[in-house]
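S.K.: This is the structure I have questions about; it appears just below.
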Amino acid sequence: MAPKRKASVQTEGSKKRRQGTEEEDSFRSTAEALRAAPADNRVIRVDPSCPFSRNPGIQVHEDYDCTLNQTNIGNNNNKFYIIQLLEEGSRFFCWNRWGRVGEVGQSKMNHFTCLEDAKKDFKKKFWEKTKNKWEERDRFVAQPNKYTLIEVQGEAESQEAVVKALSPQVYSGPVRTVVKPCSLDPATQNLITNIFSKEMFKNAMTLMNLDVKKMPLGKLTKQQIARGFEALEALEEAMKNPTGDGQSLEELSSCFYTVIPHNFGRSRPPPINSPDVLQAKKDMLLVLADIELAQTLQAAPGEEEEKVEEVPHPLDRDYQLLRCQLQLLDSGESEYKAIQTYLKQTGNSYRCPDLRHVWKVNREGEGDRFQAHSKLGNRRLLWHGTNVAVVAAILTSGLRIMPHSGGRVGKGIYFASENSKSAGYVTTMHCGGHQVGYMFLGEVALGKEHHITIDDPSLKSPPSGFDSVIARGQTEPDPAQDIELELDGQPVVVPQGPPVQCPSFKSSSFSQSEYLIYKESQCRLRYLLEIHL
């Protein structure tokens, strides 16, 4: 084997230490976090399909607003019902709209001159559809063959302020505020625009058959997503331990589609009746939770702008919300060239991704957490592909243990030494006539490797005495061409050669190697790549 060539690269770790390295399964820990989250503040809007929605004098009375949903796979039901009590001066209206999920549906407007009469009409309709009292909605209990209350949240007022801030000068009463010029370079400005794009989030939801009309961005609450996790947990338990007297998978699937509305058009909603379908819905909810996280970041209140003369540019504000330093690399730097070679040599041989930009990543607190493994050797720079909709969440929260209960190598964080393997997990967005995607390169402290050549989805940790699990593939980048980058004083192997056959693993069930760690702290994100596919 040729000696490894070294290139020295130094990065600064964060000075804030994050305590603890115990990792939990992401699915259950995410569900618990959502359940424990405080209720979101609601800003209630008039239903956009209501003819009064463009009348600024019409508003929803107090919190008399509800979105109901009902899915029954056996009867091919997948329907919604919206009720709002509207007011304008001394006039009151009870607005009802209903239909199949994904369609505008039918509507009805009742007029009242007495508020109490309007309230009675609202409460009566709520009772008819749910068999729950409006006054007891905080203790809502879903009833058979009735609608379920869906918790949604109006678009935050602060978001409107952010949009308005796009203009060079903003006046708020007698106080004049000026938006500062953006401090980010053009490539990073475009990155921040993309990973916080509402249109991108909506497209990601549409690809998952989620009803973006029922759950437009900014409206889905943490508590509602948590109910989706609970419904999937019930489905998983029913698959593992079927009983004759329990709910059927079809009934439990209907419960899931009721709390997380899906748009299937006029087609019958498909039952969640296999581990593969269940896993797809788990992954979907994790993406949904990450979308909610990105939206929560943007909706978080900043300083009161009316008290200052200058406000940050919206892109600077979003960048600061990530709590992550992104440094754009010049294409002439040694790091960039090494990454470019790594991509070209291990990318798809028919259509290799086109590298556009590379950012050095320094997540707040991650350097200190990674330091816990400073004595663990055998470090490699490895690929991780992802959905563009979760890039902001990853930059904020890092890579987390994914619930691969049906995964080939168990519950861990998956990496690859060949770009073409990880690129298969990249979901892109359309931007400027191109399909734009993002990939991460992480420094992974592998330590002592345990090799496998057949699937083992039961793995939750390496065997005793080992630090990682490698599903050895039939090919691997030519180790004779590996180089080393020095990152924070540690040598990190970076493949530079094309994939070659591995005679020792020619019978492996894995065509390409997969690298698994089971502690989130064993990885540090080092680079973010923008690619065109």
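Cβ coordinates are placed from backbone N, Cα and C, and glycine is handled just like the others.
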S.K.: Of the ranges 14-18, 19-23, 474-478, which one does Swiss-Prot flag as motif 'Nuclear localization signal'?
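M.R.: That would be 14-18, per the motif 'Nuclear localization signal' entry in Swiss-Prot.
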S.K.: In angstrom units, rounded to an integer, how far apart are the Cα atoms of Glu230 (ADP-ribosyl glutamic acid) and Glu310 (ADP-ribosyl glutamic acid)?
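M.R.: So the Cα of Glu310 (ADP-ribosyl glutamic acid) lies 45 Å away from that of Glu230 (ADP-ribosyl glutamic acid).
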S.K.: Counting by DSSP, what is the helix, strand and coil composition of the domain 'PARP alpha-helical' (181-299)?
M.R.: 75 helix, 3 strand, 41 coil
S.K.: Mind checking which of Asp138, Glu310 has the fewest other CB atoms within 10 A of its CB? They're the modified residues.
M.R.: Asp138
S.K.: Where does the mean pLDDT land for the domain 'WGR' (57-147)?
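M.R.: For the domain 'WGR' (57-147), the model's average pLDDT rounds to 92.
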S.K.: What Cα-Cα separation, expressed in whole Å, is found between Asp138 (ADP-ribosyl aspartic acid) and Glu310 (ADP-ribosyl glutamic acid)?
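M.R.: Distance between the two Cα atoms comes out at 42 Å.
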S.K.: What does the DSSP secondary structure composition of the domain 'WGR' (57-147) look like, as residue counts for helix, strand and coil?
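M.R.: Output for the domain 'WGR' (57-147) reads 22 helix, 43 strand, 26 coil.
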